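Asks: If you look up TrEMBL, you'll see Glu339, His340 marked as active site, proton acceptor. Positions annotated as NAD(+) binding site by TrEMBL: Tyr129, Gln193, Asn225. Sequence annotations record features per position, and here TrEMBL assigns substrate binding site to Thr248, Gln270, His273, His340, Asp373, Glu427, His432. Residues annotated as Zn(2+) binding site in TrEMBL: Gln270, His273, Asp373, His432.
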Amino acid sequence: MITRIDLRGRSLSARELAETLPRAEVGVEDAAHQVAPIIEAVRTRGAEALREYAERFDGVRPEHLRVPADAIAAALADLDPAVRAGLEEAIRRVRLVHAAQRPQDFSVELGPGARVRQRWVPVRRVGLYAPGGLAVYPSSVVMNVVAAQEAGVRSLAVASPPQRDGAGLPHPTILAACALLGVEEVYAVGGAQAVAMFAYGAAGSEPQDGDVLCEPVDVVTGPGNVFVAAAKRLVRGVVGIDAEAGPTEIAILADGTADPGHVAADLISQAEHDPLAAAVLVTPSVELAAAVEARLTDLVPATKHAQRVAQSLAGPQSAVVLVDDLEHGLQVVDAYGAEHLEIQTVGASELADRVTSAGAIFVGPWAPVSLGDYMAGSNHVLPTGGCAHFSSGLGVHSYVKAVQVIEYDRDALEELADRIVAVANDEDLPAHGEAVRARFL
Ligand code: NAD
């Protein structure tokens, strides 16, 4: 069911390790070739192309690409009270954590009359994606919207795929989550086409769309399958994006003290997202490895999405990796750079502080990834495919930019004039120096 990779006694460089560790066969690069024409079609043909792709990929032609306000209100009115209570608790906790993320402005005095300040400014408008293909993700609405709101963004739009059995609207719980958060601009658009609509905007094609269906945004964020991640890579530069948050990954670093039942359940919980999801156990304990493999064999056929889970666990992106000891395990998980890393070992907290590449780290037996998926307060939109080596999960920082403000008075500039001229002339840009000199003639 799941491959074993035995790294015991092998001393590999970081590059060799990265090549040896499991990764999905269909990567973002491959998907990018498939989604490039979708982006071009939405850019040039707007809503007409959006309806065509909804029919092709989601099996429904939405009458309203922009969800009417009464449908959003009705979804909240019909929401199961237990689900509403869960979403409200998630919103409360995620808001607390994200309010604490707001970066501080600062001001540095470099001498009398010489000051540089830095202000953090939210972007004007954002497009937030909530997946809705194999599963639906109102939790992703919470993660995107709360982070953007806490950053101070004023204009927020949400997109999620139209559902076949919902008259071409996004799933009702997605709409209800938008209503709970006060988001009024919601689109029944999925996948790469949603990312393209946000990046370039879209003209309407039916009277109910109006002339302009959607105005372009400054930043597109949110998780999705490999096509969504590929589309975000392709529009980066036209707009800002968060990390590539594609098919989910769980890596678990565990020793012989871990409960094999918990480890197996956590691997399955992430495998149920997507046949391309990755589940990786890294352990120095052959006994734990064998016990987890046995539990997987028992548990997978009984789980609701058994076929998807089995595909994910059997795929080249999933494995049980045997290592010499926990130090070796730490090197391996750092080289992998998982979206989610669970540490179920003796001294888990100390090990967690030594990890350098992971989207989020879940410490000890009582912090499973499912907690973070919904309600820990942390954000569940996290970098995949090794992007954790250079990028962070979604947060307030994803929606703000730093603007530096330079204030020098006459004396402060005059003090530097000769030095500026010397460096400018050395760069063969003498007009730069002359612009300073001109002020003191
Ligand atoms: P989705 O909304 O991401 O994808 C559905 C859309 O995919 C469809 O609307 C369609 O437009 C597009 N699509 C499907 N087949 C296509 C094809 N052949 N070519 C082009 N486009 C195609 O929903 P999903 O499929 O359920 O995937 C959700 C994903 O989000 C999972 O992979 C899950 O692991 C991931 N996820 C990631 C994170 C993270 O932070 N990394 C968090 C939550 C979920």
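Don't overthink the numbers, they just go from 1 along the chain as shown.
Note that Cβ sites are derived from N, Cα and C of the backbone, with glycine treated the same way.
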Asks: At the Cα level, what's the spacing in Å between Glu339 (active site, proton acceptor) and Tyr129 (NAD(+) binding site), rounded?
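Replies: Distance (Cα to Cα, whole Å): 18 Å.
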Asks: So which one is it: of the binding-site residues Gln193, Asn225, Thr248, Gln270, which has the fewest other Cβ atoms within 10 Å?
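Replies: Counting other Cβ atoms within 10 Å of each of the binding-site residues Gln193, Asn225, Thr248, Gln270, the minimum falls on Asn225.
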Asks: Can you list the residues of the same chain, besides Tyr129, Gln193, Asn225, whose Cβ falls within 8 Å of the NAD(+) site's Cβ centroid?
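Replies: So the extra residues in range turn out to be Pro131, Ala159, Pro161, Gly190, Gly191, Ala192, Ala194, Val195, Gly224, Phe227, Val228, Ala231.
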Asks: Please report how many Å separate the Cα atom of Gln270 (substrate binding site) from that of Gln193 (NAD(+) binding site), as a whole number.
Replies: 26
Asks: Pop the Cα-Cα gap between Asn225 (NAD(+) binding site) and Thr248 (substrate binding site) into the table, whole Å please.
Replies: 8
Asks: Might you list, by sequence position, any residue in that chain lying six or more from His432 (substrate binding site) with a Cβ less than 8 Å away from its Cβ?
Replies: Ile420, Ala424
Asks: If you count other CB atoms within 10 A of each CB, which of Glu339, Asp373 wins among these recorded positions?
Replies: Glu339
Asks: Could you check which of the recorded positions Thr248, Glu339, His340, Glu427 have their CB within less than 6 A of ligand 1?
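Replies: Only Thr248, Glu339 qualify.
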Asks: Please report the distance from the Cα of Tyr129 (NAD(+) binding site) to the Cα of Asp373 (substrate binding site), rounded to the nearest angstrom.
Replies: 16
Asks: Please report the Cα separation of His273 (substrate binding site) and His340 (active site, proton acceptor) in Å, rounded to an integer.
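Replies: His273 (substrate binding site) and His340 (active site, proton acceptor) have their Cα atoms 13 Å apart.
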Asks: For a quick check of understanding: given the listed NAD(+)-binding residues Tyr129, Gln193, Asn225, what is the maximum Cα-Cα distance in angstrom, as an integer?
Replies: 13
Asks: Other Cβ atoms within 10 Å is the metric here; tell me which of the recorded positions Tyr129, His273, His340 scores highest.
Replies: Tyr129
